[in-house]
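**Q** Annotations per TrEMBL:
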type	residues	note
DOMAIN	B:14-350	domain 'Amine oxidase'
BINDING	B:Val137, B:Glu326	FAD binding site
BINDING	B:Phe243	substrate binding site
2 protein chains.
Amino acid sequence: MEGRKGAVPGLGPFALTDLAQGMSRFGRLARSVDPARPWAHPRADVLDGQTFRTWVRRTLRTRSGRAYFDIATEAVFAADASDISLLHALCYAVGNGDLETLVAVDHGAQQDRVVGGSVVVAERLAEGLDVRLGDPVASITQDRAGVTVRTRSGREHAADRVVVAIPPTLAGRLVDDPPLPAARDQLTQRLPAGTVVKAFAAYPTPFWREDGLNGQAASDRGPVKVTFDVSPSEAEVGVLLGFVEGGEALRWQRLSEAERRRQVLGCFVRHFGEQAAHPTSYVEKNWSEEEFTRGCYGAHFAPGVWTAFGESLRPPVGRVHWAGSEYAVEWSGYMEGAVRSGRATAREVLDAPRSSGPPHGA
Amino acid sequence: MEGRKGAVPGLGPFALTDLAQGMSRFGRLARSVDPARPWAHPRADVLDGQTFRTWVRRTLRTRSGRAYFDIATEAVFAADASDISLLHALCYAVGNGDLETLVAVDHGAQQDRVVGGSVVVAERLAEGLDVRLGDPVASITQDRAGVTVRTRSGREHAADRVVVAIPPTLAGRLVDDPPLPAARDQLTQRLPAGTVVKAFAAYPTPFWREDGLNGQAASDRGPVKVTFDVSPSEAEVGVLLGFVEGGEALRWQRLSEAERRRQVLGCFVRHFGEQAAHPTSYVEKNWSEEEFTRGCYGAHFAPGVWTAFGESLRPPVGRVHWAGSEYAVEWSGYMEGAVRSGRATAREVLDAPRSSGPPHGA
């Protein structure tokens, strides 16, 4: 399923009709979900009781139509359609516009990049703040008087309230005293991060532009299924980025370094020609290997999780509040969602009574 | 769906035929799965790509037939049929005999209890061993020379090899240095424990026996769907045990203490008569609240997890080996499985080269 140019893949009329009908049905169903409370949907148990894959297989009739949804799922969730519930796919799509917006570059979620890299945002935000790096938090202890954060090196920080702004699965690894309530703890056991590796290849020039190509590709043949042109804006060199995602990433990361590189460059050659075979440098970033990331782009909800545990996602636990992209109602999973969640949580903390409110279990 | 006596619920002929056909189809499909390598099934992606609920809804035609599978799933997995993949249900059933054996008391997995309570097994095993309690492990550091276990209080224990014999989701909360490989870490993000509360009511006598009842009940009406007579063997008092499991446990544990008790006793009265309304004592045990348990009876596999991550479950990581019921091929999720896994891991450690074998990443 590949066309050399354009956003619409080279599909026959039957496949195109199938895809159009499938996207229309998905969109209608998504608009029936309240992204702030997906568990409240009148048919939540049915929508959350099946995988997104089950819905795609039942709804789409053509191989190409199904492949579109599979690629979109991998690209958006860094997970396979097997891994997430239909309700989660719907909730995520409607909270972030729609499925087309999520995968789109022009006027879509993939349109903008930050000059200098995304780290610039964090660096600017940190200016003038007292930021302590290199000493990870080990435990959080709270009582009626306040909360104490203890780091792995044994340093202690006292506060009135704490905002935990790391992914849920990592938040679940902190030691909480008193221990978190059952429902909140069981939720964090069920919010894994997706699986994604970024592979970059640099060339003397963005040679694909000479062929009228923009560097974007989407294919149902892996390991790289989605590519982007991420050359610096001055374009003194050309850089192609390939994403290896979901189950594809699991299989591929077991290969040798040489074989991984061979397969990635093979994908680039398929899309952009023989010149892609000989980069001046080649770099991989496996986010699942990073101790303080352990996966991307965000947490995903397997079947049953939203309906059974969703209500425990956002409420603070005593003096501990949660923030991060996973907690956003709109643009969850994106930097935009992280900002929105940060603002909502800041408001929650400011509105909280200054030194009252006993924690759970106290 | 209840009959007052006997193992076969009072179903009409159509429902009984539906149930018999469903169980037969499930059994046949289960026998095609190798419990040691479920991911190797020729149709693994299809079996792992759907929830067990999807299969039950598609295969069973009657409300009662579906209810049987729903109750059995809750009772066996302490999770809903939405939460686990069809492949996991099949793998678990075939590794532990079959679905009927799992839920059965006579000649089944529920037949025996340990006089004095299960803790006796641990106490006997601990006799003569140097067991340190009350100081939980915080981190595990390994290199070419050996491995060091550090506790929360700062004590250090050096060893040649370490066996981590806690549930996977809790193992994922330890700090590993070097950090665990990506696939192993992402697996532990995806192995949540089930949700179960045990509710006990004690009476002056096991009065239900006078009515010719054995204290066992299974019902599709909650919150208690399964009960057992757990009176001490001398029967100087009568004790009924009710399990509240899966999503039912989530909803129920949000209620007040008085309302929870009222609902549980209501279930006991429904099965065993008005005498059940007035116990001499009533106790609940919510395993999800326990910091070092965080759920029962074992970990379960959501769709996609066995096929993508299953191969990372059992292999040791350098000097760190895994043991526990979740790692057993047969009787995973039961004490029997824990014993089998313990023996297999002891063999693995004994067979490992004494002081060689660099850890991962070293």
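Glycine is no exception: its Cβ is also placed from the backbone N, Cα and C atoms.
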**Q** Where B:Val137 (FAD binding site) and B:Phe243 (substrate binding site) are concerned, what is their Cα separation in Å, rounded?
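**A** If we compare the Cα positions of B:Val137 (FAD binding site) and B:Phe243 (substrate binding site), the gap is 31 Å.
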**Q** Averaged over the domain 'Amine oxidase' (B:14-350), what pLDDT does the prediction give?
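**A** Overall, the domain 'Amine oxidase' (B:14-350) comes to a mean pLDDT of 94.
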**Q** Measure from the CA atom of the residue listed as 'substrate binding site' to the CA atom of B:Glu326 (FAD binding site) and give the result in Å, rounded to a whole number.
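**A** Rounded to a whole number, the Cα-Cα distance is 21 Å.
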**Q** Long-range neighbours only, meaning 6 or more apart in sequence with Cβ under 8 Å: which ones does B:Phe243 (substrate binding site) have?
**A** B:Ala75, B:Ala78, B:Val196, B:Val197, B:Lys198, B:Ala199, B:Val224, B:Lys225, B:Val226, B:Thr227
**Q** Drop a 10 Å sphere on every Cβ of the binding-site residues B:Val137, B:Glu326 and tell me which sphere holds the fewest other Cβ atoms.
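**A** Counting other Cβ atoms within 10 Å of each of the binding-site residues B:Val137, B:Glu326, the minimum falls on B:Val137.
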**Q** Can you check what DSSP calls B:Val137 (FAD binding site), collapsed to helix, strand or coil?
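**A** In three-state terms, B:Val137 (FAD binding site) counts as strand.
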